[in-house]
């Protein structure tokens, strides 16, 4: 088993070190991750400049690009052998509901969708690393079990882990994505020379976070697993759109 590990918090982040440590005695692991924090990079690719991989003292590969860049190169010639699966994380911070649209953690896993093994994205619901051992243990268990999992092609699992010690985790729930409310307005700032700028506000609170959602599961102390696919087609809208388009051309 060959696993490519990436993230969006950066190659020196504690989460990716914990994930590598949890998997390195189970599989042949390669780490390719951004040289700096790329949270919110989504599935962006760097197309305006060359990418320069650098191997660090611990063997991790640092790349001056996005999480998707890292996985794309890892699957297309940077590594001596093609990985069997991609594992992303462990992100310090939730990737719930609408977060998956922006998340570099989820995007890195999605870039591995063409492989035979199901890719997984792991996120811990905390900006602090105290409960990374919990997340690392759960990641190991799920990766070990992946060999007996058969899912439709191009399915990725988005895993969110409550910020709790392992003994307080109540179990695992399969969930759908909830939805967040609209984020607050950006914060306007002015530098000492009078130039205006803006800080993007934090994500909105859960607007659709009832039973069955990823929000509800983690708030109840359960690990949330949401299967994702790239197809965002809203089939239920076809009937209304057919009527709307009739006679336009």
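For all residues, glycine too, the Cβ spot is worked out from N, Cα and C.
Database features (Swiss-Prot):
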- 8, 9, 39, 91: divalent metal cation binding site (BINDING)
Discussion item. I want to check the contact list for residue 91 (divalent metal cation binding site): same chain, sequence separation of six or more, C-beta distance under 8 angstroms. What comes out?
Written reply: 7, 8, 9, 15, 39, 103, 105, 121, 122, 123, 124
Practice prompt. Could you tell me which of these binding-site residues, 8, 9, has the greatest number of Cβ atoms within 10 Å of its own Cβ?
Written response: 8
Discussion item. Give me the sequence-ordered set of same-chain residues, not including 8, 9, 39, 91, with a C-beta within 8 angstroms of the centroid of the divalent metal cation site's C-beta atoms.
Written reply: 7, 10, 13, 15, 37, 38, 67, 92, 93, 103, 104, 105
Worksheet item: Looking only at Cβ atoms, how many others are within 10 Å of the one on residue 39 (divalent metal cation binding site)?
Response: 19
Worksheet item: By the DSSP assignment reduced to helix, strand and coil, which category contains residue 91 (divalent metal cation binding site)?
Response: strand
